[in-house]
Structures are given as structure tokens and as C-alpha cells.
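Read through the structure below, which is laid out as C-alpha cells, and then see the notes.
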Amino acid sequence: MPTSDQSLAIGYNYHDQTDTLQKVGLTIFTLGLLLLFLPSLPVSSVLGQGLFWSGIGLSLLGLVLYLIQTYQKSHPGVRNNGVWLRGSTSRGNIAWVTAVGLTGFYIILYWFPFLIEPQIRALDSFSQWLRNKPADHWLLYGTFYTIAILIMGLRALLKYRHSPYQIIRTLSVMFFQLGLAYLIPYTLQKLNEPEFYFSYFWPLKYDYLFPGTVGYLVNEPGALGVFMVFWSAVISLVGVPILTYFFGKRWYCSWVCGCGGLAETAGDPYRQLSDKSRAAWQWEVAIIYPVLGFIVITTLLLWINSFMSGGLLGSLSDGFAQTYGFFVGSIFSGVIGVGFYPIMGSRVWCRFGCPMAAYLGLLQKHFSRFRITTNGGQCISCGNCSTYCEMGIDVRWYAQQGQPIIRSSCVGCGMCATVCPRGVLNLENGPREGRYQPTTLISPENLRILS
Amino acid sequence: MRVIIIGNGVTGVTAATTIRKLDPTAHITIISAESEHFFSRTALMYLYMGHMQYRHIKPYEDWFWPERNINLLHAAVQSVDFNAKQVILENHTRIDYDKLLLATGSLPRTLGIPGENLAGVQGFYSLHDLAQLEQYSANIPRAVIVGGGLIGIELAEMFYTRCIPVTFLVREPYYWGNILPEAEGTLIQEHIRAHGIDLRLNTTVSEITGDAEGRVKSIITNKGEEIAANLVGVAVGVKPNVSFLENSDLKINRGVLVNQYLETNLPDVYAAGDCAEILPEPENKPVVEQLWYTGRMQGETVAHSICNRRTVYNRGIWFNSAKFFDIEYQTYGQVPAVPAPETDSLLWQHPKEKKLVRINYHQPSGKVLGFNLLGIRYRHEVCEKWLKEEKPISYVLKHLREANFDPEFYRRHEKEIIRTFSRQLSAVLS
């Protein structure tokens, strides 16, 4: 909480004009959410299923109504009005309630899924239809996750409707989540094929290149398993460098990835909460690269172990997957990564923990045509770019000196360029030569901030 | 060398960081009455609108100053003893200097009409103005803005985001009529009106009336109409903040008079930014420049002069930018409201969207003179190069694509623009 450094504006007289239709939308949304809890009461399974699906339907209907009415009232353009004056988006009471709620959901999901057994059972018929299997808590999670990206994607489409870049990018994350991270893996299950996520790669989906997974897939009947191994290896080791060379890290982090997809849609109201300080950057570097190193070394060791028929590590693979999965997969990317959206911003996991982001970032920094160009001497140092950078990059530091922004953490969401009131910033792919060249129209502050 | 800089705006701070680069051992102190740290004045509107908090508009984190060994003094200066080379603070402390930079910025200009001192009549320039605006705009049924320039429209947008109805008085026959050509002004004022702002053209205020508590109650326009409002935003420009320097040997006209090296008439005393009035050459008119960009450039220049590397202030090819609600504006070179003699103008406007491109050129020679852009971004470097090299308009049209700086996937309009311009050009030639 920035208690010692409040905005002069905070808490004076900000008021939104919320009209009747918006209020009706919010009411329906809340009623829908309440219905989701009702299957936990001692009711028949048919009734429970009805209540659950009505809850999903009503909450979506209410939210759509609210969002459309909210955004159609304003002209297309940057609308961050009141973001730092409203508690919900500036770490106020509502933000804390939301954070505790989200975190609680993750804790129940990971460690106490029996508490939501009635809700899971309500998904059984759907699960049978989708993948010929009864529902489990991961199906419930995947369904909620996908719905969140789709509905909040709609919000992003409405909010950023003046920006073709944001529209196309948002459609992209919605498409990849719904198709490659939801429908296709479950359809594969229905066809008795391995559940496989074509939009997740090593080292984020670290086990896709572990000997255990590879062996399992290759031994699957039919050619699909072999193709999956081929796909994983080729994209991770060849596709990633090539695509990052041409487009920067963004092709994955803010266009394809599911974690990024949630951050860009459901996390969009919280993007301004990322920590922009130099200290946060030091933490970032100190955490993310060791995570990547850990994954790389472990993968190598496991392969050596596999070639030595277990002579090196024995059955460490299982133990590793469990430990790493618990600390990094569950706690870091789930509980902190998403649960703390309303407090720490939407990209905590991507910024501090994701080994894929670290790998892509190294490529982006040293081997890419991507940069964010600053337009000559036009920067007025206002700070909108830095404030709305979800990765906590102090974009202004570079812009006010006329330097191109080439940071390994930049996911290329384009929001700095979208919110800049002077049109100073532009995401560009161009020749690598002179990529770091600052403009001659301002003299730069020569001292570097992180040496 | 002990350098004192009065004023921690963009001019003073740019001067300080530049001096630090040129002279690693200089003892630099920046004095400001307004704030402890440098903040972006252009971003004040975003605090009121809730886009940012105060900490976000500080361009440097607080560690920056001790690490650069730049002392910050949050205090008010009462006067300067130029003979003793001392700055005198309001608490009567005297601070010695070897070199002094005056970068005191501006004050909002006043109207000079009855009722101007009522509570709720104010300009919008400083942190203090922002705090006052918060106080006086709470729960008011209407605000009036006087003055159709950049601050006027900023105030209009600010009130709009707080759901406060606005009446916006503009003296000129169209918005920003003393700077913009009519097509640009008209396009912007349509956009202003589309936000439900009550825009009154050819209108000024002649009197402000108050209630028993001394607060604004209404204004009376030059047309005799009374408009009820509890806040009057005065946005009729700024004037150099130099009154505390009067009655000394320092030569002051509108601002502190400086030569092209930004030196005042007194030894080791310099002035730059909004508060300086530059006498470039004897035959030219003195100028006061009050932009963020010119402040930054003057700060850099004066730092060189202070560090014994006398440098002539040269602002180069003119440029400026702004945003009118959602319409971005950029200008490069000279595009005056009324075209200068022997100037022709090519104008393209999007049939539906709020986009406009104007290119001025010298009619006999064809060399390009300036660009005005609304809703389309051009590259600063490219425009600057064309203007500096006096490229002919035919060259500019041929290479127009290179100038575009719009984001990826934005619809490009070069084809229509070039077609329109070619038609206009051939009409001129035939």
C-alpha cells in the first residue's frame, strides 16, 4: 500500500455515473456467482447441475450486459479514468477481498478439491460429452480459466476498440486458449489420444521434453504421439528462436500463451499494479534466470540419467516433478501468479518465475529484430507508459532519453504505445543493426540504471 | 563549482543532469518551493483523472538524486543577493553560489476582471493548483473554463472524466484559433462537442459573481449571459514567474532577459525555460518559449554555458504535440493559423474518422515548410530531416510512407492522402 505517497487526488470526489442497466448487469452477475455455490447444499444431482449451469449462464449474461453498457457509453480511446481512485484497481478494500477470494479458490483447487466436489459433479455430463470421462477438478479449472479469458477478452476488445493491435492480439489469446489449450486437448482425450497442449512448450511445460514424457508419447499407438514429441522439440528448440528473432518475445507471451492470455484479459484491470522500482528489477533478474537454469540442468541430467538407464539419478524424475510442481507450478504460478492479481499486478509469474519467459527474454534481448521505438524528442515524461506496463518496466526511463526499449522482460503487449498521450512509442520489427541506437534529438542520460 | 538552480521543473532538472555529465565534481543544488522531487507537469491532468498517482509522474525514482550527487532543497526562495552571490530563502538562510540558474517557470495569467479573487477561480499549472481543483470541484453542478488553448481542453477532459458538466468559453471563432488553421480547429471542436461539452465560441468572461461565503456563483459573458458555475478554470496562458527578482540589477522585461547563450546581464547568472525571455539577435523579436520541449532543450544548452562551454541556444526545427481528448496532434515545422505569403497548403481529411494531414510548402520553390497531423503519427526524425533539407513537396509525397509512425495493423491512408494531395497540387500548377 502506497500510504506514504498517496496521489493528491485520492479519495476526494471521484464518482462514476453507473446507470440502471449497469447496475442490473452487476446484480445478475452476482446472483449468478451465488448460484455457483448452491450445489454444495444437500440437493439432488440434477438440481445441482441445473443450479450450477444457471449460475454460469447468469453471471456471464450479467457481465456481458455490464461490459457492453459500460463501454458503449464512452468514446473509443484510452479510458483509464479513475483507475487509481477506485479501491478495486488501486489495492483498496475490494481489491483485497478479490485477492483473498481468488487465492482461496486456488488453495481449494490444489489442495482441497473435495470441497468443490458438488460443482465438479455438476460438470459430469458436459465432461462426458467433451472427453468421454467424468469431470475432475482440472476440468473445472480449465473451464473457468477459458471462460475468464473469453469474457474478459470481450472486455478488452471493448475497452481497446480504438486500437487494431490490441483487438487482434486479444482475439489471438482468446483463440489459442479456447482451441489449443481447451478444446483440442479434451477432444484428444475423447479420441483416446494423450491430452496434449499444443500451445505450451518446454521450458514452461518442462516435462514435455523430459525423458519420461517423451518415452510415454512415443510408445502411444499411432503416429500422433510421435508427432507431439516432434512438435515439442522442434518448437522449443527451433521454432522459438526463429519466431522470437522475427517478432520478439511477444509472439508467445502476449499472443499465444495461456498464462499471458489470462493476464492480458482477466488481469488487464490490474496491470498498473506491477512494481516499477529498480529493486523489483533486481529481484526479477535474481529469480527468473535461476529458475530457467534449474529447468535446463534438470532436463539435461534426466536425459543423461535415461541414457545411463537410471544409473545417475535413479527415480529422481518423479520426486523432482512433484517438488517443482508444488513450489513453482502451484504456489508461484497459481496462488501468487493469479490469486494476487489485484495486489501485485497481472504478470508476477511471467515476470519473476516463468522459465519460458526467461528463455524468450534472452533471445529477445540479444537475438531479435524487435524493439519499441521512441519517436524522436516527443516524450513528455508523463509516466503513463511505465504505469501501465504489466511487466514493471520503467518505459519512460528510455523514452524520455529517446532510446529504443529492448528489455528481456517486455512481452510486447503494446500497452505503453496504446496509453502514450503523444504517440511516442511504437512496437517495431526491423533490422538488428542500430537496434539500440537512440535518437539524436535528445541527449541521453548516459548512466545505465542496472549495471 | 557551486551551482544553484532555482526551480525543479524540466528545465532545471535537465540542466542539473547535464551539468553532472559535463562536470562530475560540481556541487549542484536544486531549490524548489513546489515539490521535493521533479515531477512531470504535463502529467498533472492524469492525477485528477485517476490514471496515475503522484509517485507515477516522477520521472526518476528517488535514488536517482543521491546517486547523481544532486542536492534537492524543498524551500521557497525569497530573493537573490546578486552582489554577494547568495540566494536568500524565506527562512532567511543564505546560500552561496558560484553560478546561478533561474528556472522558475511560469504562473497562470489572470483575467483582470471583477470577481477574479473569489474562491473557485483558478489556473491549472502547479501541484497546488491541482489540490485546489480537487477541493473546489467536489460535488459541483457545473464548471466554466475560460480560454481555448491546451490547458483549457485539458481541464475540459478532466472535468468530463469526473462527470462534471462543463461550459467552455473560447475567445476565437474556432478552437485554438490563434495557433491552428481552421480545418484543424473545427475538427477538434466537433470532438469537444461530441463529449457533451458546452463550447461557446467568440465568447469571453466579463465578470465573475460570488456568494456570501466568497465562492464563485456564476459568470457573466461578454454577451451579457449569466452562467451558474462553482468553479472557473482560467486557462488564458502563462507568464514568467519572476516577480521575486524585480527591483534588482537583473534585467527583466516579460521574463528574465537572456542572450542566445542564456546568460543574463549579470555575471554567472543564467535563466532558461518558461521564465526566460531570449533576445536571439538584435533584429529579432525577443521570445518567451513555454513548452516542455523547449524547456528541456534550454536546460541542456544552459548547462553547457554554465560549465564554460558556451553554447548558442538553437531549438532546431519546431515541433510540438498534444492530445485533444482522444485526438493526437503532432506538428513539425511551421504551420501557422493563417498561411504566410507564398505558402500553399495541402490538406487531407478522413471522410468519417477524426484524422487530418496538412503539409505546407513554399509555393514558388516547392520546398516543404511544415506538417500538421491529427489522429495520425509521423516520425519526428523523418519530418525533421525533410524540413532541414528543404525537400521539395514532390519528394515528400513520394516518400510519405516512410514518415508514418502509426502502430502495427492500423489502417494506412497514404494512397488516399497522396491522391488528394496530387489533385490539389495539379490544381495549383495548372
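Each Cβ is built from the backbone N, Cα and C atoms, and glycine gets one as well.
Annotated features, as they stand in TrEMBL:
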DOMAIN    A:370-398  domain '4Fe-4S ferredoxin-type'
DOMAIN    A:402-430  domain '4Fe-4S ferredoxin-type'
TRANSMEM  A:21-38  transmembrane segment
TRANSMEM  A:50-68  transmembrane segment
TRANSMEM  A:94-116  transmembrane segment
TRANSMEM  A:138-158  transmembrane segment
TRANSMEM  A:170-188  transmembrane segment
TRANSMEM  A:223-247  transmembrane segment
TRANSMEM  A:286-304  transmembrane segment
TRANSMEM  A:324-343  transmembrane segment
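Against the transmembrane segment (A:94-116), stretch A:324-343 shows more Cβ pairs under 8 Å than any other of A:138-158, A:223-247, A:324-343. Residues of the same chain lying 6 or more positions beyond the ends of the transmembrane segment (A:21-38) and with a Cβ under 8 Å from any Cβ of it are 48, 51-52, 54-67, 69-70, 119.
Listed as Cβ neighbours of the transmembrane segment (A:324-343) (distance under 8 Å, sequence separation of 6 or more from its ends, same chain) are residues 88-89, 91, 94-96, 98-99, 102-107, 109-110, 206, 259, 262, 266-267, 270, 273, 291, 294, 298, 349-350, 352-354. Distant neighbours of the transmembrane segment (A:138-158): 56, 60, 63-64, 67-68, 70-72, 109, 116, 119-120, 123, 126-127, 130-131, 166-167, 170-171, 173-174, 177-178, 181-182, 186, 258, 261-262, 264-266, 268; these residues of the same chain sit at least 6 beyond its ends, with a Cβ under 8 Å from one of its Cβ atoms.
Across the domain '4Fe-4S ferredoxin-type' (A:370-398), DSSP assigns 8 helix, 5 strand, 16 coil.
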